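Below is one structure, written out as structure tokens; comments come after it.
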Amino acid sequence: MHHILTAGAQRALIQAERIASGSAESEPTLAPLLAALALEESRAAEIMRTHQIDLAQILQEFQLPLSQDPATSLLDSPVQPLEMSQALQQYPAFREVLNHAMQQASRADVPTEIGSEHLLWGLLATAGKESEWLQSTGSLSAEKLDDSINVIFRQTVEPLDVDFALRTVAATADDQTNTLRTIDAAANRLREGLRVIEDFLRFSLDDAHLMSLLKSTRHRLTDALRFIGNETLISSRDTLNDVGTSISTTSEIDRSSLEHLLQANLKRVQEAARTLEEFSKLISPEAAAIFKQMRYASYTLEKTILTCIASQRRLENSRLYLLVSESLCHHGAGPAIRESLAAGVNLVQIREKSMTDRQLLAHGNRVRKWTRDAGAILIMNDRPDLAIAIDADGVHVGQDELPVREVRQIVGPRRLIGVSTHNIEQARQAVLDGADYIGVGPTFPTSTKNFAEHEYAGLDFVNQVAAEITLPWFAIGGIQADNLQQVLEAGATRVAVSGVICSHEHPGQITRELLEQLSN
Ligand SMILES: Cc1ncc(COP(=O)(O)OP(=O)(O)O)c(N)n1
Ligand SMILES: Cc1ncsc1CCOP(=O)(O)O
Ligand SMILES: [Mg+2]
């Protein structure tokens, strides 16, 4: 198979050589490559950041020098496609890493491309002090990295489906120039649109996870343009004679809200990606395939961002989520629900594991009336069909139940879908799948649901989600009045509880206590 290194991977190798040349080590080591991967605005750096590893730590650990900021100096320099066979010759010190990277890349969507994330994977798979350090400091392993690569790069896009001939089409010189001009203009539109969306994610939504997805999409643009040739594109540019630059439609200047602005730019990105895909078919099928993926990735991104905004709005005032099971309640589910509603709970889940369908239907209809009268949201656990039957506002599903896509087909577009998550990869995936909120836990030991000791995700998981996810999420599991503060300190703003309210002698009283803490 024919393997090519992405621009990011090439820059990392060049940087690694620069760092190695300034290092005191006489024997070649992999530490300069590790530092170079963290230095770049690359996929590998993004992944390391999510595992709390940064450049400063690496430089300190491996006693490496970094006299200037080489990242900026290389970022804009054009990089020619580099084949694996050339890379193996040019960088003998990293041969083992490159070979492992190649194996990993062969399993990805675009098997010919080796990116910085594959180099990181190769580094982890190569025995040595760098790999050991990554595993101990960042809890990174080749398997975990597999998950990260999957979440960011494989599952955000449709499978590579090339529906056009894999050969370039002969054209006249004029045709070629016009095609290149079109590609150049569309690439600029795409880049600009992505930048606007990135700024929105950074400054308005403040969502690190979605931002990292967007950055990956931006990197793919660089990768695709390499197949066409950056210099060729620039030499075909003719802005003065471009009739498009003077056109400014009313819709282009009508940006009535941030959301409108966001949507307009998402559309701009999708249209530009389509133009790039079509015109690249005449020049580079590889580039066309990447543009197609980018178009699909932008649909996923659009859906995800808009869901996030809509959900934040719908659940804006829901900080305390009550899961009610008849068996846990001191005086029955009815009094527990009515008293907690009166005390201010506005989000209730029916979580019954042993009722028959008929019992659940009758119970659900009663709870529907109480919650509706109180203006509260009602969610049915596990059962999309019953959510519809009792006209609940949504349904909650676990990791082993129906996936969001299938649940959405059953409950339609308006009902909320909640998903339980137990680690950061599941949380990221649930966001991309289109969940409207997620459960994050279990935070503490609980007797309400059985978990093995090692399954407690704990406050670390709460911390991780707080750092990167803005889709509404609820910390859950063993939360009580006396440990709620710790959960809030770990970054949660919403919690889901069951036992603490249901089995309390006075559900209204404990509800008020919890709400009081949540509002501070
Ligand atoms: C808000 C919320 N979070 C998590 C769960 C747990 O769902 P699941 O893992 O499917 O387990 P069961 O509750 O069905 O036993 C939840 N119900 N709600
Ligand atoms: C259903 C569920 N899922 C994760 S923890 C949990 C139990 C929550 O109940 P409690 O608040 O009583 O621990
Ligand atoms: Mg369930």
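Numbering starts at 1 and runs along the chain as it is shown here.
The backbone N, Cα and C atoms fix where each Cβ goes, and this holds for glycine too.
Database features (TrEMBL):
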type: BINDING; residues: Gln349, Ile350, Arg351, Glu352, Lys353, Asn381, Ser420, Lys449; note: 4-amino-2-methyl-5-(diphosphooxymethyl)pyrimidine binding site
type: BINDING; residues: Asp382, Glu401; note: Mg(2+) binding site
type: DOMAIN; residues: 5-135; note: domain 'Clp R'
type: DOMAIN; residues: 181-304; note: domain 'ThiD2'
type: DOMAIN; residues: 320-499; note: domain 'Thiamine phosphate synthase/TenI'
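Here the domain 'ThiD2' (181-304) has a mean pLDDT of 84 out of 100. In this view, Glu352 (4-amino-2-methyl-5-(diphosphooxymethyl)pyrimidine binding site) is surrounded by 21 other Cβ atoms within 10 Å of its Cβ, with every protein chain counted.
For the pair Gln349 (4-amino-2-methyl-5-(diphosphooxymethyl)pyrimidine binding site) and Glu401 (Mg(2+) binding site), the C-alpha distance works out to 17 angstrom.
Each of the binding-site residues Asp382, Glu401 was scored by other CB atoms within 10 A of its CB, and the lowest score goes to Glu401. Taking the Cβ of Lys449 (4-amino-2-methyl-5-(diphosphooxymethyl)pyrimidine binding site) as reference, residues of its chain lying under 8 Å away and at least six apart in sequence are, in sequence order, Pro442, Gly477.
Checked against ligand 1, the binding-site residues Glu352, Lys353, Asn381, Asp382, Ser420, Lys449 give Asn381, Asp382, Ser420, Lys449 as the ones with a Cβ under 6 Å from it, listed in sequence order. Within the same chain, residues at least six positions away from Ile350 (4-amino-2-methyl-5-(diphosphooxymethyl)pyrimidine binding site) with a Cβ under 8 Å of its Cβ are Val324, Leu360, His363, Gly364, Val367, Leu378, Ile379, Met380, Asn381, Ala392. All protein chains considered, the CB of Lys353 (4-amino-2-methyl-5-(diphosphooxymethyl)pyrimidine binding site) has 10 other CB atoms within 10 Å. In the vicinity of ligand 2, defined as a Cβ distance under 6 Å, the following of the binding-site residues Ile350, Glu352, Lys449 are placed: Lys449.
Across the structure, Arg351 (4-amino-2-methyl-5-(diphosphooxymethyl)pyrimidine binding site) and Glu401 (Mg(2+) binding site) are spaced 14 Å apart at their Cα atoms.
Only Asp382 of the binding-site residues listed as Gln349, Arg351, Asp382, Lys449 bring a Cβ under 6 Å of any atom of ligand 3; the order follows the sequence. Neighbours of Asn381 (4-amino-2-methyl-5-(diphosphooxymethyl)pyrimidine binding site), defined as other CB atoms within 10 A of its CB across all chains, total 23.
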